[in-house]
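The disulfide bond annotation in Swiss-Prot covers Cys14-Cys47, Cys24-Cys37 and is backed by sequence analysis. Look at Swiss-Prot and you will find 11-55 tagged as domain 'CHCH', backed by sequence analysis. Taken from Swiss-Prot, the feature motif 'Cx9C motif 1' covers 14-24. Taken from Swiss-Prot, the feature motif 'Cx9C motif 2' covers 37-47, and the record attributes it to sequence analysis.
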Amino acid sequence: MHPDLSPHLHTEECNVLINLLKECHKNHNILKFFGYCNDVDRELRKCLKNEYVENRTKSREHGIAMRKKLFNPPEESEK
């Protein structure tokens with residue numbers, strides 16, 4: 001099962017693979033049950049996993065920065 005495959009959610013590389021998989025399923029509607037499109041599906045899953053890892057890393061870094069900002073406010077200069 002794949003996550004939402006809407007084009008605006010993924011990189012161009014993954015969108016190409018999504019379109020290839022959809023086209024393969026459309027053209028080979030019986031053979032897809034016997035693994036005809038599995039190679040494209042494997043590549044798509046690799047791409048989606050890489051996207052997920054990148055987004056998770058960015059989110060973690062953003063969270064760390066926000067926690068630093070909230071819990072360690074900059075010292076104001078006293079006059």
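Glycine is treated like the rest: Cβ placed from N, Cα and C.
In terms of DSSP secondary structure, the motif 'Cx9C motif 2' (37-47) contains 10 helix, 0 strand, 1 coil. Counting every protein chain shown, the Cβ of Cys47 (disulfide bond) has 18 other Cβ atoms within 10 Å.
Confidence annotation: the motif 'Cx9C motif 1' (14-24) carries a mean pLDDT of 95 in the model.
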